[in-house]
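Trainee: Starting off with a structure, shown below.
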Amino acid sequence: MRIVAALLAVAPLVCPAEADGLRGAPAPCFEACQMVLHPILFNDTAGLSPSPPTRQCQSHKGLASLYLCAQVFCSVDERTAGLNFLNSTCHKKVNDSIPSFDLIANYTDDIIARLPRFEKPDYIDGTTFQDVAVPSDGFFRLAYDTLASWSYAYGYHFRYGAAMLVFWGLVVTIGLLNRILLYLMHKTKSQTRISDSAHSGASEDGEALIPSRNPRLGRFGGWLNAHVFLPATFGYRKAQPFGWYTVPPRIQSLTILLFIIMNFVFTVHGYHVFPENLYYPRVISQTLRYVSDRTGIIAFANFPLIWLFGMRNNVMLWVTGWDFATYNNFHRWIARVSTAQAVIHSVGYTILVFYENGWGHFVAYWHVTWWFSKAAILMCALLPLSLYWLRRHMYEGFLIIHIALSILVLAAMWGHIYPFSRGVPWDSIVWVSCSIWAVDRIARMTRTLCFSRKIWNTQAQATYERDANIVRLSIPTSQSWYRPRPGTFYYLHFLNGGRFWESHPFTMSSIRHGKATGTGLLSRTSLDTAEGMGLLSADVEVESLKSETTHPDAPTMNFIIRPYDSSTRRLAVAVEKESPSSCMLKVLVEGPYGHTQPFHQYHSILFIVGGSGIVSALVYLRELCRDAAQIKNVHIVWAVREAAFASSVLRDDMADLHESGKLTLDIYLTAHEAHHTLESLPEGVSKHMGRPDIIAEVGSAIHRFGRTGSLAVVACAPARMADDARKAVVHTLATQASRQTSNISKYFGKDLVVVMTFLHEPPEYAVQ
């Protein structure tokens, strides 16, 4: 309540106004004449009618008074427009036309000067006049200023509501321009590399180092990357939550902060309030009404954005190339701002009705306001029920509650705005939000059908490795209309269990394109850090296979599922029952989502991965390690708990990848296991005990690979490792900002990708 009171107190201070200052506001003069005459009665047959349309259209004394008011106070154009509109209204309401303006042709200036003048008390009391009367100059100005202040405020209501769309349209446009710029930069650098290799000095490794065409621009770009685009908002914790909350990267936080500031300014700016207003004589009542309307309109204008940015098939993802996590951050903060505005709207109107008319009038008015009060309460309930902790530990419950409450919010909003939709189609905003939701669901089904027309009959082969604590999953792709690509992920529904409607995202880790030789790159990771999200019921049913039913040459895409809590644990238990044999699971596949990263454009890559995050590297390795690839070095730092997991990946997924000489792997075993150790490691693979020093690993990679041109740093790991990687590369970019560098940074999902191009010897690396 104190916050609302403070906001209401600030509003008139931000834009105070004298009544005379409203004369330039777009308030129709003719409408002011109608306003002052509306409660006045005249002593003729129609003038005493209890029907306002009858008095307005058929009382000759009332019409003469209206015409005289317009002649005295309005311009010819204002008068003509007002009369035409009134005539049209009278045709609709009483099926009659108003007399011409010649009705007052005999009224000279002297006669008009002697006519009775009515004041505000006559207006309040509804005084009956025996003859034609006109308002006094002061009373007319008061009516005009009342309408002007109303028109002034409502003009800002709609402009500021539209500004929400404009703001996010500009954000998306910047993202699109950035994507185009990055594409042109990569294309230019590729052409320069070819030209320099053919005509000028190649490096000792056979690759030309790309010179900076504009050193100052390169340094400025490096500064932006180091201080704006890439860092965590508060310097370190990005992947790691702050209690029950997460904080976006700095560039996203700055965008959100600008949006919040803009909403605050729009809430308190754009009002003219003054005493003796004919609608609300007290200034506090005017402020309550204007602020409540403003916040309600802006909150409602944000609804399509909330639904658009929260959808899995958001077209803006394709326009900007940003990931779903980015738009999800925007989705949550737009919803939070809208909820705050909805609360102010609801509380403001409640105070206004009580303040002006008391409890009795509030009860009578409740049938109009209770819908929005219900919507505001539901929106407030959504906030604590969408916290990171709940999403992390009870995802299925969060999802069901989120969808159910969102439907109720839309229904409540429709009930609230429907009575006001006759003049302005407010209900169209509800239908736009519903349409966005429907299009997303249709797109999901389309993706599913594109993978397999028989969506109920896709059989996945699953095997559980007890020592490694992983489930290997292989899904045939022969019926798919598209070819799976590295870096993409899919939502899988397991149809055997009792919770077939639940889905969970898994990153595709390897592809076998039929008649492939050697082993694939079987792997899996969750797209989100919440890998333990629920998925299956406890009674998952499987079909035992004593021999493989999948043809050995059939094309497949493969995953490794790391059992944690809830769904993935239930899946492991169900598959383990058939161990060591494989079993078949019916799956519904929705995807692909995500996109392939252009790692082939760079000279060296450092992957920092933890546990099942190894798939972010495995899915690309076969292509990166082939002889024709320009990649010179691929180094992986992998922190893993079970030695058996590492052995399984080395044996089944990386056995034939070390021959290229490009790949090196450091395995860090974070748990001591007496019964299983890594022995006979291939060339280029080393074993370490304990957790890796990520900051030192990044510094080492910069010194080892920085001389060969560009270095891509990729992190797909637990939260602390990811934050350490971010801190390390930010420090490097900040150090290099004073040198000739060209830096490109990108954040997607929980993978951190930073591309650094070195033109001089890398600096001595140290993080204080």
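From the backbone N, Cα and C atoms, a Cβ is placed for every residue, glycine too.
Heads up, here are the entries from TrEMBL:
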- 1-19: signal peptide (SIGNAL)
- 160-184: transmembrane segment (TRANSMEM)
- 254-274: transmembrane segment (TRANSMEM)
- 294-312: transmembrane segment (TRANSMEM)
- 333-355: transmembrane segment (TRANSMEM)
- 370-390: transmembrane segment (TRANSMEM)
- 397-417: transmembrane segment (TRANSMEM)
- 429-599: domain 'FAD-binding FR-type' (DOMAIN)
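Situate these features within the shown structure.
Mentor: For the transmembrane segment (160-184), the list of distant contacts is 255, 259, 262, 266, 270, 294, 297-298, 300-302, 304-305, 316, 319-322, 330, 744: same-chain residues at least six beyond its ends, Cβ to Cβ under 8 Å.
Using a Cβ-Cβ cut-off under 8 Å and counting only residues 6 or more beyond its ends in the same chain, the transmembrane segment (370-390) has close neighbours at 241, 244-246, 296, 332, 335-336, 338-339, 342-343, 345-346, 349-350, 397-398, 401-402, 405-406, 408-409, 412-413, 415-416.
Listed as Cβ neighbours of the transmembrane segment (397-417) (distance under 8 Å, sequence separation of 6 or more from its ends, same chain) are residues 300, 303, 369, 371-372, 374-375, 378-379, 381-382, 385-386, 390-391, 426-427, 429-430, 433-434.
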Trainee: Just to confirm my parser: what is the rounded mean pLDDT across the domain 'FAD-binding FR-type' (429-599)?
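Mentor: Taking every residue in the domain 'FAD-binding FR-type' (429-599) and averaging pLDDT yields 76.
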